[in-house]
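Listed in TrEMBL:
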DOMAIN    529-633  domain 'STAS'
TRANSMEM  141-157  transmembrane segment
TRANSMEM  169-191  transmembrane segment
TRANSMEM  203-221  transmembrane segment
TRANSMEM  241-260  transmembrane segment
TRANSMEM  267-288  transmembrane segment
TRANSMEM  327-349  transmembrane segment
TRANSMEM  361-383  transmembrane segment
TRANSMEM  389-409  transmembrane segment
TRANSMEM  416-437  transmembrane segment
TRANSMEM  457-481  transmembrane segment
Amino acid sequence: MASPLNNTTTSDQEMADLERHDYVERVQWVLNTPKPPGLSQELIGTAVSWRNKVPFLNMQSGLKHELFSMLKATFPILSWCQNYNPNQFKHDLLAGLTLASLCIPQSIGYATLAKLDPQYGLYTSVVPPLIYTLMGTSREIAIGPVAVISLLLSSMVQKLEDPMANPIAYHKLVLTVTFFAGTFQAAFGLFRSGFLIDFLSHAAIVGFMAGAAIVIGLQQLKGLLGITHFTNKTDVVSWNPYNFLLGCSFLIFILITRFLGRKNKKLFWLPAIAPLVSVVLATLIVFLTKADKHGVDIVKHIKGGLNPSSVDQLQFNGPHVGELAKIGLIVAIIALTEAIAVGRSFAAIKGYHLDGNKEMVAMGFMNIIGSFTSCYVATGSFSRTAVNFSAGCETAMSNIVMAVTVFISLELLTKLLYYTPVAILASIILSALPGLIDVNEACNIWKVDKLDFLACIGAFLGVLFATVEIGLLMAVTISFAKIIVVSIRPGTETLGKLPETDAFGDVNQYPMAVKTPGVLIMRLKSALLCFANANFVRERIMKWVIEEEKDSKLRNAEKTIQIVILDISNLMDIDTSGIASLEELHKNFDSNGMKLAIANPRWQVIHKLKLANFVPKIGGRVFLSIGEAMASFSI
């Protein structure tokens, strides 16, 4: 008869054998995964995904239903207009009229900032908003010319053609840039390439906007002071005090109304109509006092009427086509970045999703059609969108109301703007600039990420002291440098088991984490192990192992390191250089009496490790998790 002690021993042995069988079986789960999709399959998958998203490419149901689905996907207005009601129109009508009162003076001012005749700003506030309403997905965004894009165009295009010496040729180049910008924007959306706008980080945009605001402000001083030639030869006598008095008076008026509007949300309409009121009052003052005879600069003739066709003015055969395409690409990215940031901000407040790719397509087509109808690059304006939101807009119908109001103004009111002083337009632009300088956000960037702040300050200083292109280039270069530094110098962390849990954490982050004698657990803090960082990672791991060995000897520990478990759960992909570095680690560990184990490998990684015959080299020590690896070695 067997003794109880023998029975217990047999039972423990059976349990150990059972657990070992379970671990071996779970290891096979890792090693026997199916082949992951290759590059060609991923591309085909993207094409299939795109096919499913474009209804007319998937003709499994009725033609009529598919046709209507295609139209709704292309023109979102068909979706929301089915349930549109009079109450919503009442809100959109009020918002659109409020928007137009701000848009008209701003559009005239931004056109002059772009070195174009004033009517082109009004043209840009008619056709693009109508096209966007048909194709866009944002309910609040207000479309039209903006200060930063106007500055970009004037600063870059005037290097190719002088707007003062040859305004017609300059205007043709601006229209061509608009066409290229729209083409790039539409292509980004159609090919789902919106990630390109992410090359301009949030920090870079904050710095760029601030630098652009200061440059615009310095340029508008010329109009505010009434100086014809703003050079180092300008003296006190050269500027006109009447221009300065008019401009500063109404600038103070606009800023006061903005302050009151922020203090009392019910007075949102006050800062919205203040620019239009300023234009009307200043025009009346100049007309009644004949101030233009005393040196006050006025707008003079503004051409009215419907947007004229400009298809024949696009320049595709001239010597500057390459430069115009480059400018179009830069403008397209900046315009999309601003518009999508604005749209997503207000969509988040209202609690609905903004389709970024549809936004890009809508922006692209509105600028392409705009280039055919005498418009320059339009995008979403933060200041006007905020007014639209505050005025209670329900849908994009407010853009239609605004566009119709601007068109009526072009037909009937342009002659009344003949005596509008230039200083008023300068004051309107200057009043909008504080919103572009976000000091609080720059401070937050400094607190959170110093490298991000470096991109921010690089863009700011580049725009301010060099050119717009230099500022953007500096920001993108710093951002790329940050990515490269993080990629080629990834960190590693030593893990320990957290008490009373099955989790493992960084011993520096969690001081209570317990290390297991004789076992060193390390985790890679990188998504890619490749030629750029493989040697650095290998040296970093070896350094940690050597330091741990020294610490063990100093503590007179019973066990020095016998097993190194490498947690690669963060690793998304690996190349041949990365595999070679792991093989070298294995050889070094093996020569020093240590074993290397791999825990929690991702699909692509384990597949490549098997193809490289790395798994047999380490004795098949590949586990689902760190806990599995620890338990396997303890059995």
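Every residue gets a Cβ built from N, Cα and C, even glycine.
All annotation found in TrEMBL is predicted automatically rather than curated by experts.
Since we're looking at a predicted model, the values are computed, not measured.
Counted over residue pairs separated by six or more positions, the transmembrane segment (141-157) shares at least 3 Cβ pairs under 8 angstroms with the transmembrane segment (361-383), which defines the two as touching.
Sequence-distant contacts of the transmembrane segment (267-288) (same chain, six or more residues past either end, CB-CB distance under 8 Å): 98-99, 101-102, 104-106, 246, 250, 253-254, 257-258, 260-261, 296, 298, 387, 390-391, 416-417, 419-421, 423-424, 427-428, 431. For the transmembrane segment (241-260), the list of distant contacts is 223-226, 267, 270-271, 274-275, 278, 281-282, 285-286, 291, 294-297, 421-424, 426-428, 430-431: same-chain residues at least six beyond its ends, Cβ to Cβ under 8 Å. Through the fold, the transmembrane segment (389-409) approaches residues 77, 80, 84, 88-89, 91-100, 103-104, 107, 122, 125-127, 129-130, 132-133, 136, 138-143, 265, 268-269, 272, 306, 346, 349 of its own chain, all at least 6 residues removed from its boundaries and within a Cβ separation under 8 Å. Under DSSP, residues within the domain 'STAS' (529-633) fall into helix, strand and coil as 58 helix, 15 strand, 32 coil. Against the transmembrane segment (203-221), the recorded stretches 169-191, 327-349, 361-383 differ in Cβ pairs under 8 Å, and the greatest number is found for 327-349. Across the domain 'STAS' (529-633), mean pLDDT in this model comes to 89.
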